[in-house]
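Dumping what Swiss-Prot says about this protein:
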DOMAIN    10-206  domain 'tr-type G'
REGION    19-26  region 'G1'
BINDING   19-26, 81-85, 136-139  GTP binding site
BINDING   Thr26  Mg(2+) binding site
REGION    60-64  region 'G2'
REGION    81-84  region 'G3'
REGION    136-139  region 'G4'
Amino acid sequence: MAKEKFERTKPHVNVGTIGHVDHGKTTLTAAIATVLSSKFGGEAKKYDEIDAAPEEKARGITINTAHIEYETANRHYAHVDCPGHADYVKNMITGAAQMDGAILVCSAADGPMPQTREHILLARQVGVPYIIVFLNKCDMVDDAELLELVEMEVRELLSKYDFPGDDTPIIKGSAKLALEGDKGELGEVAIMNLADALDSYIPTPERAVDGTFLMPVEDVFSISGRGTVVTGRIERGIIKVGEEIEIVGIKATQKTTCTGVEMFRKLLDQGQAGDNVGILLRGTKREDVERGQVLCKPGSIKPHTHFTGEVYILSKDEGGRHTPFFNNYRPQFYFRTTDVTGSIELPKDKEMVMPGDNVSITVKLIAPIAMEEGLRFAIREGGRTVGAGVVAKIIE
């Protein structure tokens with residue numbers, strides 16, 4: 001029998017578990033997969049299968065991440081879980097697993113701990129838009145007042161980092177009980193409550209094709225008699241022949257018109273997100289466009305040089321630097337398709353950054369780049385990746 005085609009009838013959402021070590025992230029991940037697979041089909045996963053997360057590479061950085069899938073009544077979810085704290089930091093900063101929402105797991109017995117705080121801060125910095133809380137190990141707390149206290153603490157912590165703490169869904173339960181097949185309030189019922197919260201609280205993400213048109217420039221050719229062709233992969237949106245576009249970054253922004261879209265040597269009337277295309281530009285000279293710029297819908301994205309970012313610096317073992325760096329360190333910042341030199345300003349309380357650290361920095365680039373909050377970049381020295389980062393806030 002032929003393999004069934006994957007029918008994506010339900011909208012797709014990416015989520016992941018975050019929170020302090022040993023608060024039950026992996027147990028909860030296993031419990032969700034197990035309970036939901038019995039209700040809506042899919043694969044149950046054992047704790048050990050998730051905990052033995054395979055290595056993968058993102059932007060030259062090795063990260064251990066477990067990917068599982070499950071379905072609810074309304075949606076299909078891809079869920080990431082990481083074994084170690086360092087893996088979370090790397091994952092969130094590189095955007096290896098872009099999350100539409102996160103499930104913050106917090107032990108009711110311990111309350112918020114240092115990594116609870118750190119993961120909420122990271123989620124804020126890297127632009128995770130929604131957090132839902134699973135208050136775990138509630139079977140170990142008999143005192144209702146204590147539970148209330150922990151819930152208040154978590155809400156305060158979320159509000160402190162600009163998440164809507166008062167309106168955040170908090171589900172009380174026990175991942176362990178649910179995984180063991182307990183049908184009670186803290187077991188299976190709690191997992192179903194969590195599934196409902198995921199469905200109702202995290203909005204369906206915009207598909208790439210519905211975004212405003214953006215294509216990073218990879219190469220530029222001039223074709224005699226036809227003009228200038230720019231090639232690249234469309235990141236989001238749709239480009240139609242005859243539409244006005246802007247060329248943004250590196251130099252002053254220019255306006256032009258798309259007079260043709262080519263794919264696999266065929267002429268099309270439009271290109272869309274995910275397509276590798278050549279775009280023919282009217283009246284644009286070859287030397288007006290270069291790798292590192294973007295083509296975009298006019299007015300949709302601006303060039304910037306000054307921003308704050310959250311970065312992870314590779315350890316020596318990962319092929320990174322062997323020595324720390326200090327204020328005013330000047331590496332290259334690799335955005336989309338090109339390197340731009342920039343200088344790094346460290347936070348007041350930070351004298352230096354060691355390989356393996358993550359830190360908030362302020363960057364000034366020597367040339368402007370088409371930039372939005374949430375844009376990922378690599379930090380390089382002579383073509384070698386020494387770090388990864390994400391734009392947290394644009395200054396100018």
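First residue shown is number 1, and so on along the chain.
Placement of Cβ uses the backbone N, Cα and C atoms for every residue, glycine included.
Predicted, not measured: the structure shown is a model, and the values here were computed from it.
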Which site among Lys25, Thr26, Cys82 has the most other CB atoms no more than 10 Å from its CB, taking these as binding-site residues?
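Going through Lys25, Thr26, Cys82 one by one, the largest Cβ count within 10 Å is at Lys25.
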Taking residues 6+ outside the region 'G3' (81-84), which of them lie with a CB under 8 Å of any CB in it?
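The answer is 16-17, 21, 25-26, 29, 50-51, 53, 63-66, 68, 91.
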If I restrict to non-local contacts, at least six residues apart, and a C-beta distance under 8 angstroms, what lies near Gly19 (GTP binding site) in its own chain?
Lys25, Leu104, Val105, Cys106, Gln115, Thr116, His119
Is it possible to get the count of other C-beta atoms within 10 angstroms of the C-beta of Cys138 (GTP binding site)?
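Result for Cys138 (GTP binding site): 22 neighbouring Cβ atoms inside 10 Å.
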Can you check what DSSP calls Cys138 (GTP binding site), collapsed to helix, strand or coil?
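Note: Cys138 (GTP binding site) is helical by DSSP.
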Using DSSP, tally how many residues of the region 'G3' (81-84) sit in helix, strand and coil.
0 helix, 1 strand, 3 coil
Only counting partners 6 or more residues apart, tell me which same-chain residues put their Cβ under 8 Å from the Cβ of Asp22 (GTP binding site).
Ser107
For the C-alpha pair, I'd like the distance in angstrom between Thr26 (Mg(2+) binding site) and Cys138 (GTP binding site), rounded off.
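The Cα atom of Thr26 (Mg(2+) binding site) is 16 Å away from the Cα atom of Cys138 (GTP binding site).
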Mean pLDDT, the region 'G3' (81-84)?
86
Only counting partners 6 or more residues apart, tell me which same-chain residues put their Cβ under 8 Å from the Cβ of His85 (GTP binding site).
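The answer is Val21, Gln115, Glu118.
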On the three-state reduction of DSSP, what should I expect for Gly19 (GTP binding site)?
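SS state of Gly19 (GTP binding site) = strand.
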Please spell out the DSSP helix, strand and coil residue counts for the region 'G2' (60-64).
0 helix, 4 strand, 1 coil
DSSP three-state call for Thr26 (Mg(2+) binding site): helix, strand or coil?
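In three-state terms, Thr26 (Mg(2+) binding site) counts as helix.
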